[in-house]
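Listed features, source TrEMBL:
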- 158: active site, proton donor/acceptor (ACT_SITE)
- 162: active site, proton donor (ACT_SITE)
- 11, 12, 13, 14, 15, 16, 101, 102, 103, 125, 126, 127, 128: NAD(+) binding site (BINDING)
- 159, 168, 169: (S)-2,3,4,5-tetrahydrodipicolinate binding site (BINDING)
- 7-128: domain 'Dihydrodipicolinate reductase N-terminal' (DOMAIN)
- 131-267: domain 'Dihydrodipicolinate reductase C-terminal' (DOMAIN)
Ligand SMILES: NC(=O)C1=CN([C@@H]2O[C@H](COP(=O)(O)OP(=O)(O)OC[C@H]3O[C@@H](n4cnc5c(N)ncnc54)[C@H](OP(=O)(O)O)[C@@H]3O)[C@@H](O)[C@H]2O)C=CC1
Ligand SMILES: O=C(O)C1=N[C@H](C(=O)O)C[C@H](O)C1
């Protein structure tokens with residue numbers, strides 16, 4: 001039992017944090033050894049099972065990430081960009097595999113994460129589900145097969161509490177379409193149409209975001225031509241698909257060389 005990889009969960013009280021706690025506790029391949037919340041959070045000092053309204057599980061939430069990471073083989077991190085950058089440095093210091101699900105990361109954050117990956121294994125993906133990562137590969141293949149007369153639009157829908165747009169998944173899908181076409185996404189990205197936009201630019205990849213209610217996560221990649229359309233779709237109905245992927249990544253990362261990996265590596269879908 002104690003030989004199983006020890007897992008720490010950051011942002012433990014969050015939507016994903018709580019799903020990750022349940023997933024790790026239910027697993028016979030890993031054990032929960034720590035949960036992190038920020039200083040002053042109501043969960044700090046409390047057993048996380050009780051904090052979730054159930055029975056005690058023997059893990060007390062802490063506001064000391066380094067102490068927790070030092071006891072772990074992997075950190076599952078679905079928090080916010082500034083926190084994730086801080087955790088990347090600490091996980092590298094503790095030589096723990098850092099699984100990053102956080103989205104909304106900008107160039108400055110990615111740069112710091114890349115530095116941490118010189119010293120530790122980092123697995124980062126805007127979406128950890130098997131289905132979305134298959135969709136990424138399908139999107140690349142369809143984009144390879146179709147020319148720029150097929151307009152590419154990525155449409156995503158999420159719950160009302162999501163703070164970043166386009167979603168990390170939408171950006172992965174847009175990147176896959178750009179890779180398939182052999183173009184630079186930054187040069188063709190079109191997000192946020194409003195007002196007199198002018199006609200659509202040939203070759204652009206468009207992004208649209210819907211926010212409402214409790215939508216877990218829905219993504220369409222639309223290839224639209226004159227007279228026909230191809231639509232690739234993924235619908236997540238339960239956050240457990242992300243949590244299972246994250247735990248799989250943590251286990252896969254054990255024994256890998258330091259570096260930055262993604263879910264395509266974990267799932268063996270890289271080309
Ligand atoms: N890659 C994937 O498969 C998926 C990625 N996500 C991404 O995961 C992230 C979290 O999503 P979700 O769970 O819905 O969000 P929540 O807001 O429900 O949870 C985020 C948690 O992180 C905590 N947090 C933020 N900053 C810190 C910090 N400095 N130290 C410790 N804890 C901190 C928050 O605490 P507090 O409340 O105190 O701010 C909160 O508990 C988002 O970026 C989302 O897009 C979500 C689902 C799947
Ligand atoms: O914030 C969320 O909820 C989700 N975020 C990820 C994203 O930005 O794509 C993954 C999933 O869609 C849920």
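Positions of Cβ are set from backbone N, Cα and C atoms, glycine also.
Features as recorded by TrEMBL, highlighted on the structure.
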residue : record                                          : Cβ contacts under 8 Å, 6 or more apart
11      : NAD(+) binding site                             : 17, 36, 37, 77, 78, 79, 80, 83
13      : NAD(+) binding site                             : 37, 41, 42, 43, 51, 61
15      : NAD(+) binding site                             : 161, 239
103     : NAD(+) binding site                             : 126, 164, 167, 168, 169
128     : NAD(+) binding site                             : 99, 101, 241, 242, 243, 244, 245, 246, 248, 249, 263
158     : active site, proton donor/acceptor              : 167, 209, 210, 211, 215, 216, 217, 218
159     : (S)-2,3,4,5-tetrahydrodipicolinate binding site : 211, 212, 213, 214, 215, 216
162     : active site, proton donor                       : 211
Cβ-based isolation winner (fewest other Cβ atoms within 10 Å) among the binding-site residues 101, 126, 168: 168
Cβ neighbour count within 10 Å of residue 169 ((S)-2,3,4,5-tetrahydrodipicolinate binding site): 26
Residues 11, 12, 13, 14, 15, 16, 101, 102, 103, 125, 126, 127, 128 binding NAD(+) per the record - widest CA separation, whole Å: 21
In sequence order, those binding-site residues of 11, 13, 101, 103, 128 whose CB lies under 6 Å from ligand 2: 103
Reported mean pLDDT - the domain 'Dihydrodipicolinate reductase C-terminal' (131-267): 97
Helix-strand-coil residue split for the domain 'Dihydrodipicolinate reductase N-terminal' (7-128), DSSP-based: 45 helix, 26 strand, 51 coil
Tally of residues which DSSP labels helix, strand or coil - the domain 'Dihydrodipicolinate reductase C-terminal' (131-267): 52 helix, 39 strand, 46 coil
Entries of 103, 158, 169 (recorded positions) sitting next to ligand 1, with Cβ under 6 Å as the cut-off: 103
Listed in sequence order, residues not in 159, 168, 169 with Cβ within 8 Å of the centre of the (S)-2,3,4,5-tetrahydrodipicolinate site Cβ atoms: 103, 126, 127, 156, 158, 162, 164, 167, 170, 217
